[in-house]
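Peer 1: Attaching a single structure in structure tokens format; questions to follow.
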């Protein structure tokens with residue numbers, strides 16, 4: 001008899017894409033997949049586009065959003081838990097997988113109240129508030145990076161599920177210093193304003209041949225393209241890169257934020273990187289994500305407070321002339337990557353659906 005999985009993931013690509021990777025793997029094995037999210041975030045379009053039905057609940061974040069929202073939070077949470085329970089009664093999943101996003105909190109509580117096994121996956125090196133709370137209710141807690149939760153019988157490090165086409169990329173190769181440096185700029189699914197503003201001038205000031213592909217985020221393409229044109233730099237600018245595997249394969253160096261999915265894809269792709277973590281990320285989780293590769297010699301760390309035209313230009317110029325260093329960084333990235341994370345998470349879903357408890361796992 002076919003098993004059913006309910007995936008809870010939304011808000012950003014860092015939550016949605018790993019969930020899709022697991023969903024695709026289980027669907028190929030005969031599972032039925034449903035999704036729980038919110039109607040005003042990216043999962044509302046992205047998940048149906050991948051062929052999965054999605055149900056919505058009404059929920060918003062409560063951290064750092066003012067006293068009125070904080071006071072209204074208990075009512076909203078209770079309402080959203082009841083909505084999630086109705087979804088569970090309709091779908092009757094064998095397992096509920098929480099990948100992060102606003103819907104995960106109420107959905108996780110509803111799963112626990114309904115007696116449905118709850119499996120959590122924490123994508124960041126620092127656990128988010130929702131997963132910290134839900135961990136008490138979950139049968140199993142999976143981590144992308146060590147240290148997000150204390151080691152126990154119920155926890156395991158499995159990596160971040162990344163797109164299979166990224167995992168399938170060949171081993172990194174040394175590029176010739178006589179050729180232009182292939183520079184990929186990735187601001188995450190929502191773009192990164194500081195990269196959009198600083199990189200064009202830095203590329204121009206580097207004083208070395210550089211070819212650029214720049215993912216700028218929705219609504220930013222025209223202004224970023226104009227910034228490159230003003231500096232006399234030819235660049236391929238796009239709001240969203242559909243084929244990230246091709247982009248990583250092309251790149252000698254990536255300059256990017258340090259969201260969980262980006263860090264994991266950089267590692268899986270085997271490409272050198274300069275990480276510029278989002279400075280105001282909750283619990284500074286992007287810095288901790290970045291350090292998992294920086295500490296292994298696979299990437300460089302550039303705090304946003306130190307990011308200037310001159311500082312980035314100097315790094316680009318230095319690395320462009322040291323292709324062996326870039327290759328060593330790329331190889332180190334591939335070495336620390338966990339490339340079968342989607343399979344590991346899918347296997348955990350199957351074990352819970354089969355009735356194995358945390359001690360058996």
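In case you wondered, yes, glycine gets a Cβ from its N, Cα and C as well.
Just so it is clear, the model here is predicted, and its values are computed rather than measured.
Grabbed the feature section from Swiss-Prot, which reads as follows:
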type: BINDING; residues: 12, 13, 14, 124, 163, 189, 241, 260, 261, 262, 263, 264, 265, 286; note: UDP-N-acetyl-alpha-D-glucosamine binding site
Peer 1: Neighbour count first, Cβ atoms within 10 Å, every protein chain included; then name which of 261, 263 tops the list of binding-site residues.
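Peer 2: Its Cβ has the most other Cβ atoms within 10 Å: 263.
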Peer 1: For a quick check of packing: other C-beta atoms within 10 Å of the C-beta of residue 163 (UDP-N-acetyl-alpha-D-glucosamine binding site), how many?
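Peer 2: So the number of other Cβ atoms within 10 Å of residue 163 (UDP-N-acetyl-alpha-D-glucosamine binding site) is 20.
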Peer 1: Note down the number of other Cβ atoms within 10 Å of the Cβ of residue 265 (UDP-N-acetyl-alpha-D-glucosamine binding site), including every protein chain shown.
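Peer 2: 25, counting other Cβ atoms within 10 Å of residue 265 (UDP-N-acetyl-alpha-D-glucosamine binding site).
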